[in-house]
Amino acid sequence: MGILNVSSINMHFGGLQALNNVNLDVRQGTVHAIIGPNGAGKSTLLNCFVGRLTPDTGVVDFDGISLIGLKPHEINQAGVSRVFQTPEIFGDLSLLENVMIPAFAKRDGSYRQNLWAPLRGESKIRERAMAALADVKMADKAGMIANTLSRGDKRRLELAMGLVQEPKLLLLDEPTAGMARADTNATIALLKEISATGLTMVIIEHDMHVVFSLAERITVLAQGTVIAEDEPAKIKGHPKVQEAYLGGTHS
Amino acid sequence: MTVSSSSPRGDMLMMLGMIVAIVFGPIILAPFGAGYPDLMQKFAIYGIFAIGFNILFGLTGYLSFGHAAFLGVGSYSAVWMFKLLSMNVIPALILAILISGLFALVIGFITLRRSGIYFAILTLAFAQMSYNLAYSVLTPITNGETGLQLLLDDPRILDAPLASGDLPLANLFGLQMNSTYETSFLGMTLYFNAGYYLCGVILLVAFYFAMRIFRSPLGMMLKAIKSNQNRLNYTGVNTRPYTLTAFVISGIYAGLAGGLLACTDPLAGAERMQWTASGEVVLMTILGGAGTLLGPIIGAGAIKYFENIFSAFNESELNAVFSFLPDGLREAVVSVASTFVGEGWQLTLGVLFMLIVIFLPGGLLEGVRRILSLFNRPPGGGMEERSARVKSAA
Ligand SMILES: Nc1ncnc2c1ncn2[C@@H]1O[C@H](COP(=O)(O)OP(=O)(O)OP(=O)(O)O)[C@@H](O)[C@H]1O
Ligand SMILES: [Mg+2]
């Protein structure tokens, strides 16, 4: 039994069966990649984990609790952080504030009044936020307004927002999309370091270089169905996978 | 106003500036013809109203179109306290705060289920409901169209019986709100009025409290709600209690302002809750600069000042102003201008508001900042300026 157990998830949008009896078992402390052509249902699957969508049927158990029916903030408080496919940040706040907010959520829980303590007295939170920014090599930009960042930088900022919470499970939806090659490699190195600390990660990625550098296990989705799940070496030569990718829309 | 740009020194200077402005208000405002008690009290009271409104609108991004309801509730509560308990302003203000806070808790709980335009409409509907109830079902409490007034035979259980047949006056432990010390200075008459200083001190406290909120983790959460509420949910924050906190705080500010209106003029009427009054505080906040600390006070002051000037003009005064023009032309000019003054002051306000929103979306405060930056360009000031612009665009 892994830390995240997903079984028989079905999800449809109108006439489209986006997820078809999906099972997934993510083991504690591993990096588990989900790959598949565009529109395969990868993001939809993550949405079912974080409370954005409720699947028609199925079970999502995380660390002994069922996530189905929980609100997004409750799922995050249970230890699941997510990096979105299209960057979701606090665009008109500074980078430092963007990272301090999740740090507060981790310390204070889903709601705490906390209106008399001045922000500048919160040196511990600030230090943790700065450390997370330093991890993604953005400490020098701490005072900048987040909207002014490039797409790749926004992604790294979101990664820092996830890391600062020290989650039990980090969900990454295409963390390197929009990044330059050098930044992608830096991100791979960073994620390797994080993974070495024992953090469990689920990563969706189109960039096979990233996938094969990081993943210990790979699930392949195509048209809402799991067509393969195995170690990276075995996935590479899998006939069904080759077929899905050659026949898919992804180049 | 990012974390980095707010320094303890800057905040202290801002507080000191406020103290000086309030203490010397009668002297500073006299040359502008605004130094008399009635108007100065309004500056302070509507300043409080706007500061509180800004916590909900400027900071959290929830545009309420019904905040005058809390102003009205505060006024009614205060007058009831005057009637039943004592003419001392302290119990009156305490009740105004309690009742408006309770009211805000209930209304906020219901309206905050929605955001954006739906929230605005819900709050508007609630305020209009309160307004209509004040005229109908609630007349035993509100005294309907006449308004709630003091009467000679009110119980006032804590106060000594009145000596003469005069109505009692609101006071702070004996210091009457209308007591004024008049003096002459450089040919101007200066009025140092007790009611003004009461409002001024409360404005100061209200401003200080707002500043603490702006600089606190709560303030940062509220800014985050405005920026991306959805993201905040996935970050582990339950945003509902935060928005409700902001709503209740701003409702209390409005109730306090309403209570002070009753302290300076012990009378409460339902017209205080009308939607135009709710709209006015929106204009004040945007005009001064939504989301900034000083903006709402500046906006409230500007609107009350111009209201005072423009609504006082009448046709014969306009004729005098334009007397240098030839007769035919003067009549034409006066007939056009007269639509903008007196009762037509709202028209001027509308035009002013449009000009500000189009040319100075950050409000008057941004205008001041732009002018200042023309004179002194600090080295490396470009970044801050850019961040200011990014904010105002949001
Ligand atoms: N909210 C929604 N309403 C309707 N259809 C949706 C919704 N979200 C996703 N879909 C559809 O479900 C299918 C799966 O989408 P999903 O975003 O999960 O794909 P994906 O594997 O993440 O693709 P990509 O690699 O392009 O990100 C697509 O056909 C998409 O159009
Ligand atoms: Mg996707």
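Cβ coordinates come from backbone N, Cα and C, glycine included.
TrEMBL labels come from automatic prediction, so no person has curated them.
What you see is a predicted model, and the numbers here were worked out from it, not measured in a lab.
According to TrEMBL, the transmembrane segment annotation covers B:12-36 (among others). Residues 43-44, 185, 188-193, 196-197, 200-201, 203-204, 207-208, 211, 293-294, 305, 308-309 of the same chain lie 6+ residues outside the transmembrane segment (B:12-36) yet bring a C-beta within less than 8 angstroms of a C-beta in it.
Remote same-chain residues near the transmembrane segment (B:43-65) are listed as 22, 25, 29, 34, 71, 111-112, 115, 119-121, 123-124, 127, 196, 199-200, 202-203, 206-207, 210, 213-214, 219, 222-223, 225-227, 242-243, 246-247, 249-254, 256-257, 260-261, 264, 275, 278-279, 281-282, 284-285, 288, 290-292, 295-297, 299-301, 303-305 (criterion: CB distance under 8 Å, separation of at least six residues from the stretch ends). Annotation comment: TrEMBL describes B:43-65 (among others) as transmembrane segment.
What TrEMBL lists as transmembrane segment is B:85-110 (among others).
With a cut-off of 8 Å between Cβ atoms, the residues of this chain six or more beyond the transmembrane segment (B:117-138) that come close are 62-69, 72-73, 76, 107, 110-111, 144-145, 270, 273-275, 278. Positions annotated as transmembrane segment by TrEMBL: B:117-138 (among others).
For B:194-214 (among others), the entry in TrEMBL reads transmembrane segment. Same-chain residues lying 6+ beyond the ends of the transmembrane segment (B:194-214) with a Cβ under 8 Å from its Cβ atoms: 1, 6, 11, 14-15, 18-19, 22-23, 25-26, 37, 40-41, 44-45, 47-48, 51-52, 54-55, 59, 89, 93, 170, 172, 175-180, 222, 249, 253, 256, 260, 263-264, 293, 297.
The transmembrane segment annotation in TrEMBL covers B:281-303 (among others).
Per TrEMBL, the feature transmembrane segment maps to B:345-365 (among others). Beyond the transmembrane segment (B:345-365), the same-chain residues lying 6 or more positions past its ends with a Cβ under 8 Å from any Cβ of the stretch are 283, 286-290, 292, 294-295, 298-299, 302-303, 306-307, 310-311, 339, 388, 391-393.
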